[in-house]
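Enquirer: Here it is: the structure, laid out below.
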Amino acid sequence: MRRTIKGNGFQLAIGAVIVLNAVLIGVETEVVGADDTNASPLWFVIEVVFALVFSIELGLKVWAYHVRPFFSDVANVLDTFLVVMAVVDVCILSHLGEFDSGVLTVLRIVRLCRLCRLLRLLRIFRELWLMIAGLASSTRTLFWGSSLMFIIFYVCAVFLTRVFGKDSRYSQNEDLQRRFGTLFQSMFSCFMLLTMEGWPDIAEPVMKEQPAMWIF
C-alpha cells in the first residue's frame, strides 16, 4: 500500500484531480456572482468532494511517509495548510452570514488559496519543473540582453533629442517636440519604432525635416 501511494501512478492521479479542481474553480468564477448569492448547491457539493479527496490523500501520505519525515518537507506543510483551509471553507465559512462583507472577503481569500495547489504540478510533472529550471537559467542572458537594448535606446535617444528636440530650428514643430522633446520621450519613441507601433507617425516628420535620416 505504501509503495502504491509513493508511486508515480498515484501522483499522476492526484495531479489530474488538481487540474480538474482548478478548471472547475475557473468555471465557478465565470458563472457565480461576486457575492455567491446565485451559487448552485452543486458547487458546494463539488467543493466538499474535493476537500474530502484531498483530505484522504493527505492522510494516506502521512501514513505512507510517516509524520516526521512528511512534515519536514515545506511543500507538504503548504499542502497541509491548503487542505485545512478547504475543510474550514466547507465546514465553517460557507455557513456563516451570507451578507457579511468581512466573511465574504475571508471566504474569497481562502478559495483563491486553492489555486496554489497548481504549484504541486511542478513536482508531479517533471517536464514542468525542467521548463521552470530552463527559464531560471536563461534569466542572466535575458538581463544582459535587456541591458544591451537599454543602452542602444539610450544612445539613440540622446542623439535624437539633441538633433531634433533641443535644436531651435525645430522648436515650433509640434510632432518632433512631442516625439523627441525630452530624453524620456525619445527613448519611448525608439521603443515604439522597435515594436513597429506607429512607425509612420514617428518617421514621417523626421524624414520631412531630415531626409538623410532614413539611414538611421
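Here the Cβ of each residue, glycine as well, is placed from N, Cα and C on the backbone.
Keep in mind it's a predicted model, so treat the numbers as computed, not measured.
Copied straight from TrEMBL:
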DOMAIN    10-214  domain 'Ion transport'
TRANSMEM  12-29  transmembrane segment
TRANSMEM  41-60  transmembrane segment
TRANSMEM  142-160  transmembrane segment
Enquirer: Sort out the residues at least 6 away from either end of the transmembrane segment (41-60), same chain, that have Cβ-Cβ distances under 8 Å to it, and list them.
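Expert: Residues 5, 14, 17, 21, 24, 28, 32, 79-80, 82-83, 86-87, 89-90, 94, 117 contact the transmembrane segment (41-60) from elsewhere in the chain.
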Enquirer: Let me spell it out: take the transmembrane segment (12-29), skip the flanking residues so only those 6+ beyond its ends count, and list any with a Cβ under 8 Å from a Cβ in it.
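Expert: Answer is 39, 43, 46, 50, 53-54, 57, 111, 114-115, 117-118, 120-121, 124-125.
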Enquirer: What mean pLDDT does the predicted model reach across the domain 'Ion transport' (10-214)?
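Expert: Across the residues of the domain 'Ion transport' (10-214) the model's pLDDT averages 80 on the 0 to 100 scale.
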